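These come from Swiss-Prot:
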type	residues	note
DOMAIN	18-186	domain 'EngB-type G'
BINDING	26-33, 52-56, 69-72, 135-138, 166-168	GTP binding site
BINDING	S33, T54	Mg(2+) binding site
Amino acid sequence: MPSFIKSCFSSNDWITDDKKEICFIGRSNVGKSSLINALANAKIAKTSNTPGRTQLANFYDFDKFRLIDLPGYGYAKVSKSKHFELSKIISEYIYLRKNLVAVFQIIDISVITDLDLQMSELLSNRFNQHYIVLNKADKEAKSYFDNNFAKIAAKLKKDKENIVCVSAKNKTNIPNLKKLIGSVIL
């Protein structure tokens, strides 16, 4: 059963083994923790309606892989020193972690920001295995995604196969996300 392992402030705290890892990265309040709970089918990640609650790299065990929930990027309501700390945690993990096999960028489907686009470009240039998870599909009509999928893919400069639309709230397409993660871990 999936479970929380630990929170890490720096690379000194990371688990030292060779188990494959994926990470979730996204703006504050896009539902990364809720998505982890939906994947686990249990409440293993703390959730909050307040943006910026995840301020460490949180490690979760999912049997064949670990999932790391990184702090949200772009959250403005923190001090400059805290912003620097959060950026350092993200950068250290993204650039130094040898276990990392894929990055899943979580984006709120109703609000794709310039910062999301910039991060997508940066991650695409760094990783072959960079996927987009459009969360909060429950907030949009199904026809919105069907009618706008090609535009969204073009805007994000991603192939359609590298994008999945989900709802952590009502678990729409969670099986498809699990299948994608499984294909990456093999």
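Counting starts with 1 at the first residue shown.
Each residue, glycine too, has its Cβ placed from N, Cα and C.
Cβ crowding, taken as the number of other Cβ atoms within 10 Å, peaks at V166 among the binding-site residues L56, V166. Annotation note: K32 (GTP binding site) sits in a helical segment as assigned by DSSP. Rounded to the nearest whole angstrom, the C-alpha distance between S33 (Mg(2+) binding site) and G26 (GTP binding site) is 11.
For the binding-site residues shown (N29, S33), fewest C-beta neighbours within 10 angstroms: N29. Among the binding-site residues K32, K136, the residue whose Cβ has the fewest other Cβ atoms within 10 Å is K136.
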